[in-house]
Amino acid sequence: MVKPLPRLRLQGFNNLTKALSFNIYDVCYARTEEERQRYIEYIDEEYNADRLTQILTDVAEIIGANILNVARQDYDPQGASVTILISEEPVIDKKQAGKELISDAVVAHMDKSHITVHTYPETHPQEGIATFRADIDVATCGVISPLKALNYLIESLESDIVIMDYRVRGFTRDVKGKKHYIDHKINSIQNFLAKNIKSRYEMFDVNVYQENIFHTKMHLKDFDLDQYLFEEKAKNLSFKERMKIEALLKREIEELFHGRNLSE
């Protein structure tokens, strides 16, 4: 839960911008080219624009935002994108204004508060590794905090690896004229993760407190080969095959977690 500082009396609107970025990876092993193609098709359908729109709509509700506009698109051959423009308060009463005013209100908030998601399925051409990445950005202006949606987003997607960045920018001024560069307490993104999530993941932080930049990356602690096999069971594989596949998957997870290729 976000812990606010003592309530400030502000001069005008709260101008702080809070941005939360997610990179979520799902890693899989598919033995044949046909299985890898079916994995891509499965992921493409599982996380199509309609499903992603529902997830982001839920995020808007969780953080207490009002939806202004939704744009979504499925791509050929694969992938999807959704952008939702949001505001802290209802911008306009549709019954009291025409379409032109509503459109202007949407444009005015476009660069301030929004939620976006883009998906990137891909496969290794030879080794059977297939990955799915979802990039999610939640940017808010005002008192709304994107950190409230952390746990929901992790649970909603198949999150083997999660890389998160949170930053606060701008300032808000109180009635005495003093500038405030953050309006809640935080020393790590981990502060806002549920206990059951923290117990399942290995986590690592890089934070720059004086710049209000917070970075957390995490991956699942337990490795169950069956959870990574597509259309296959570990019990049907030979010991040698299991060891080979497990090594490939663990290497892929390690490289994605650290963001660099490991030496042979």
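Glycine residues also receive a Cβ, built from the backbone N, Cα and C atoms like all the rest.
Among the features that Swiss-Prot reports, active site, schiff-base intermediate with substrate is placed at Ser113. Mapped onto three states, the DSSP output places Ser113 (active site, schiff-base intermediate with substrate) in coil. Cβ neighbours of Ser113 (active site, schiff-base intermediate with substrate) (same chain, under 8 Å, six or more residues apart in sequence): Ala65, Leu85, Ile86, Ser87, Glu88, Ala139, Thr140, Cys141, Gly142, Ile144.
The feature pyruvic acid (Ser) is assigned by Swiss-Prot to Ser113, with sequence analysis given as support.
Note: His118 (active site, proton acceptor) has non-local neighbours Gly79, Ala80, Ser81, Ala134, Asp135, i.e. same-chain residues 6+ apart with C-beta under 8 A of its own C-beta. When secondary structure is read from DSSP and collapsed to three states, His118 (active site, proton acceptor) falls in the strand class. The feature active site, proton acceptor is assigned by Swiss-Prot to His118, with sequence analysis given as support.
Every protein chain shown contributes to the tally, and the Cβ of Cys141 (active site, proton donor) ends up with 22 other Cβ atoms within 10 Å. The annotation active site, proton donor is assigned in Swiss-Prot to Cys141 on the grounds of sequence analysis.
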Item to check | Three-state secondary structure, which DSSP defines for Cys141 (active site, proton donor) | outcome: strand
